[in-house]
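Some notes on the structure that comes next.
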C-alpha cells in the first residue's frame, strides 16, 4: 500500500471520558456484525493429513458394494449368471487396490522426476510403459 501524509488536526479540548470495559460476551463477537468466519486450514495441510492417515491404515479404501457391482458388471461381458463367493470379491478388491497404490507410487515418482508435484495422465502412461504393461 502507498503511504499517505497525515494532516494536522485541531484538537477539541481535554481528554474524552473513559468508556466502561466491554463485557466478555461483547468482546468475543467480532465487530463485523457477529458473524464468525469458519476456520480453514492452509492449502495442502488436510491433504498431507489424509496421506499420513491412509499410509498408516490397512483397511480397503474403495467401498465394498460399489466394487462388487463393478466386478459383476465386468463379469457379465464374459459369462452370464456368474456367482461370486464373498471372499473372491474381497480378494479381487485387495489385488485391485494393491495394484492402484503401486501405480500411483510410480506415477508420483514420474511427476517428481519431471520436477512437478502434481500427477498427470502422462505420468501414469509413463509408469505403465516402464513397467511393460503398455507398449
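For all residues, glycine too, the Cβ spot is worked out from N, Cα and C.
Given the structure is predicted, the values throughout are model-derived calculations rather than measurements.
Features of the protein shown, as given by Swiss-Prot:
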MOD_RES   5  N6-methyllysine
MOD_RES   10  N6-acetyllysine
MOD_RES   10  N6-methyllysine
MOD_RES   11  phosphoserine
MOD_RES   12  phosphothreonine
MOD_RES   15  N6-acetyllysine
MOD_RES   19  N6-acetyllysine
MOD_RES   24  N6-acetyllysine
MOD_RES   28  N6-acetyllysine
MOD_RES   28  N6-methyllysine
MOD_RES   36  N6-methyllysine
MOD_RES   37  N6-methyllysine
REGION    1-40  region 'Disordered'
SITE      5  site 'Not N6-acetylated'
SITE      15  site 'Not N6-methylated'
SITE      19  site 'Not N6-methylated'
SITE      24  site 'Not N6-methylated'
SITE      36  site 'Not N6-acetylated'
SITE      37  site 'Not N6-acetylated'
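Taking only the Cα positions, the spacing between residue 37 (N6-methyllysine) and residue 5 (N6-methyllysine) is 34 angstrom.
You'll find the Cα of residue 36 (N6-methyllysine) roughly 34 Å from the Cα of residue 5 (N6-methyllysine).
A simple way to gauge crowding: the CB of residue 37 (N6-methyllysine) has 7 other CB atoms within 10 angstroms, across all the protein chains here. Neighbour counts of Cβ atoms within 10 Å were compared across the modified residues 5, 36; the minimum falls on 5.
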